[in-house]
Amino acid sequence: MPSAVCGGLAGSELRHRRGRGGPQAARAAVPEEAAEAAAQNPKRPAPGSRPSEAACRWVLLALVTLLAFATRFHRLDQPPHVCWDETHFGKMGSYYINRTFFFDVHPPLGKMLIGLAGYLSGYDGTFMFQKPGDRYEHHNYMGMRGFCAFLGSLLIPFAYLTVLELSKSLPAALLSAALLTFDTGCLTLSQYILLDPILMFFIMAAMLSMVKYNSCADRPFSAPWWFWLSLTGINLAGAIGVKFVGLFIILHVGWNTVSDLWRLFGDLSLSLVTVGKHLTACILCLIVLPLALYTAIYAVHFAVLNHSGPGDGFFSSAFQARLSGNTLHNASVPEYLAFGSVITVKNLRMAIGYLHSHRHLYPEGIGARQQQVTTYLHKDYNNLWIIKKQNTDSDPLDPSFPVEFVQHGDIIRLEHKETSRNLHSHYHEAPLTRKHYQVTGYGINGTGDSNDFWRIEVINRKFGNRIKVLRSRIRFIHLVTGCVLGSSGKALPKWGWEQLEVTCSPYLKETLSSIWNVEDHINPKLPNISLDVLQPSFPEILLESHMVMIRGNNGLKPKDNEFTSKPWHWPINYQGLRFSGVNDTDFRVYLLGNPVVWWLNLLSIALYLLSGSIIAVAVQRGVHLPAEVEGLSQVLLQGGGQLFLGWALHYFPFFLMGRVLYFHHYFPAMLFSSMLTGILWDTLLRLCACGLAASSLASGVHMGGVLSLLLGTAYSFYLFHPLAYGMVGPLAQDPRSPMAGLRWLESWDF
C-alpha cells in the first residue's frame, strides 16, 4: 500500500489533536504514534525529522505570496478613473480626511482604513468621486488602491496556510492557493477602492487564527494558544467592523468554540475548574475583546467625523447637535416646550425630514382642496409652527400670562407660522396612501374647526410629562378621527414639489414614521440653555447609528442601469458586474469569476456532500477502513467540514434577506469553496492512489491529477484575464476581440 501518497494525515493524529484528552495524554500520544507510523513504513521518516518538508512549505508559501502580489499589483493604476463603487468608498475616505460627517449602511472600519491609507500616501481628500468614469487627473489614488490590493493579496497565503493546517497536505494547500490566485473575480475586487478585500482579509484572518488555535489544543494556556485565540477575537472585530455580514464568520467561530467546549466538558480527565478556565478564556478573547474593539472603532469614528456633512439629516436632532457647523451645534434654546413657542418638528424615520407646509393647495380630485402639508428634508421658514391651546385665541406670549408648559396628554393646535393655517385632518383619503386620512392646513389667522385639535403623547417619558427639546419622542393623535400623524415616505408628484406625503394613519401602532421630536424652539418668556447639555451619551449615539444603518440596509434600492442578482445565480457564475466601460472605445473591466474555478468549486461541493455522506455512513456502521483511508477520511470530514460550514454560513443567509443583492456578495463564500476544492481533490486523488499496488504509479496518479488541475486553472486565467485587467477594442461577439469565443453564457454581458 503506497502510504507515502495516502497518508496525508494519520487518522490517529487528527483524533488525538482534536480529542482533547488532556495535555499529558496528548504529549504521550504523539511520540507513540510517530513511532508506530515509522514502524509501519520504514522508508518514511518520522514526522518530527523532516526539515526538508518544512523548508518546502516555506518556499512554496513565499512563491504563492509573490505570485499573489504580482497578479494583484499588475496594472493597478489602470484605469485612471473612478470605477463602480469607488465613487462611494473613495468619497467616504475623503470624508475621513476632511473630518466631514456622512452616513453609510456599513460599519466604519473599512472606510476609516481607506481614508487612512489615502492620508498616509499623500492624498489630500479634495477629489469629488462624483460618478464612475471621472478621471483622477493629478490626485493620488494609488495609495487607496494599493492598500486594498495589499489586503487582497494576503488572501492567497492565508488560504494556503489554512488548508495546510487542516489537511497537512502541501498539494491541497497549493491547489487552494492557485484557485484563488487565478480567479479573475477575486483579482478584480482586490484592485479597486472597495470594502470587499478588507472584509475578506478579516474573514480569512479569523479562519486562519481559528484553525491555528485548534492546532494548539494539546498545549492549552501556552503563549501560542493565547496568541491565536486573541488574534481570532481581533479579526472577528475587524470583520464585523467592515460589514455586518462579518457576523457569519462570528457564527462559524462560535460554533467551533461551542463544539470544543462541549468536548472538553465531556472529558472526565479534566476538572470542572479547568473547563471553567477554558470557558473564561473564550469569553474574554472571543466576546469581550471583539466587543471592546468594535466599540472603540465607533469611538474613533465619532471623534474623527465631528464636522457637519451630508449625513446629518439621517440622524436625530440631538445627534446633530454634536457636529461642528450644524445649526444646532453650540445653539441655545429653551429646554421645555410651552404654549406660544415657535418650533420645528422632525420625524424620527430616516430621511423623512421636518413637518412642512406652504401656500400651495392640493389639486382638484385630491381630497379637500386645502393647503398642502408635507415633510421636507431641509431647513426652511415653512417648517415653523406655533403651538397653541385648544380653544383660546389669547396670546400665550403676553407677559401678563404665566408660562404654561405643554405636557403629555394636552390637547393642542399647531398653527403654521408663515400662513396662519392650522394643522388639520379629516376623513378624506390621503393623496397616495390608501386607508390613511389627508392632512392639510386649514383656517384663517388661526381660526378653524374641531378637526384642528390634536392630543400630544410622549413616548419616552423618562423626562416626566413635560416635552424636552431634542430628547422627547412625541406623537400627535387627531382628536376627531383618532388617527396618528405620520409620513408615508412617498414622494408627491410635481404638484407637491416632490416633497414627502404626510398622512393621518388610523393604525395606531408605534412606528418611527409616526414619532417626532421638537428641534428648533423659540420662546422669549423662557430661559435658554445650551444644547450641549442635551447631547446624547456615547451609548445612545452608538445605538442610534446602528438603528439608522439597519434601516438603511433594509431600504437599499438598485442604482440606475445596474444589474442586481439572486443568490442562486452566484455559484454558477451566471452574471457579472460592469466595473468600467460599455462601448468598444471604453476601457472595460467586468467582474466575473473564472468559470473553470467557479464550476470546479460547484462540482466539488456536490462531490463533497456525496463522498462525505458515504464515508460518514461507513464509519457509523463500523466498516473497517485501512489506516491510510481512515486518516484521509478524517481529513475530509473534519477539515473539509470546517470549510463547508464556512461556505454555507456565508451563502445561505442571503436567501433570507429582503434587501437588494449583488454578485459580489458571494465572494466570501467563494473563498471557502475554493479551499474545500483543494482539500477534496487532493483527498480523492490520494484515495484513488491507495487502490494502486505500485508506489510509483500511485504517486503519478496523485501528482498528475494535482498538476492537471493547476495547469488547467492557470490556462483558464490566461484566457479570461482581460476581464480583470481591462480591455479596449472590439466587443466579445467580434472575432478580433480578446474575449472572442469565450462568452460561454448569454447572461455574461461583456
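Cβ coordinates come from backbone N, Cα and C, glycine included.
Keep in mind it's a predicted model, so treat the numbers as computed, not measured.
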Of the residue ranges 12-50, 363-401, the one that TrEMBL records as region 'Disordered': 12-50
Interface present between the transmembrane segment (700-720) and the transmembrane segment (596-619) (three or more C-beta pairs under 8 A): yes
Segment proximity, the transmembrane segment (225-255) to the transmembrane segment (639-662), 3 or more C-beta pairs under 8 Å: yes
Cβ-Cβ under 8 Å with the transmembrane segment (192-213): same-chain residues at least 6 beyond its ends: 83-86, 89-90, 93, 106, 109-111, 113-114, 141, 144-145, 148-149, 151-152, 154-155, 158-159, 161-162, 165-166, 224-225, 228-229, 231-232, 235-236, 238-239, 241-243, 245-246, 249, 252-253, 256, 579, 642, 646, 650, 664, 667-668, 671-672
Contacting positions for the transmembrane segment (700-720) when only residues 6+ beyond its ends and CB under 8 Å are counted: 5, 171, 174-175, 178-179, 181-184, 592, 594-597, 600, 681-682, 685-686, 688-689, 692, 739, 742
Remote residues contacting the transmembrane segment (141-161) - C-beta distance under 8 A, at least 6 residues beyond either end: 60-61, 64-65, 67-69, 72-73, 76-77, 80, 90, 93, 113-114, 117-118, 120-123, 127, 173-174, 176-177, 180-181, 186-187, 189-194, 197-198, 200-201, 204-205, 207-208, 671, 674-675, 678
Residue numbers, six or more beyond the limits of the transmembrane segment (275-300), whose CB comes under 8 Å of its CB atoms: 107-109, 112, 220-221, 226, 229-230, 232-234, 236-238, 240-241, 250, 253-254, 257, 260-261, 264-265, 538, 542, 545
Intrachain neighbours beyond the transmembrane segment (669-694), with Cβ under 8 angstroms and 6 or more residues off its ends: 1-2, 5-6, 8, 155, 159, 162-163, 166-167, 169, 171-177, 179-180, 183, 185-186, 200, 203-204, 207, 570-571, 593, 597-598, 600-602, 604-605, 607-608, 611, 626, 628-629, 632, 635-636, 639-640, 643-644, 646-647, 650-651, 701-702, 705-706, 709
Same-chain residues near the transmembrane segment (225-255), Cβ under 8 Å, at least 6 residues beyond its ends: 106-110, 195, 198-199, 201-203, 205-207, 209-210, 212-213, 216, 219, 281-282, 285-287, 289-291, 293-294, 297, 549, 553, 645-646, 649-650, 653, 665, 668
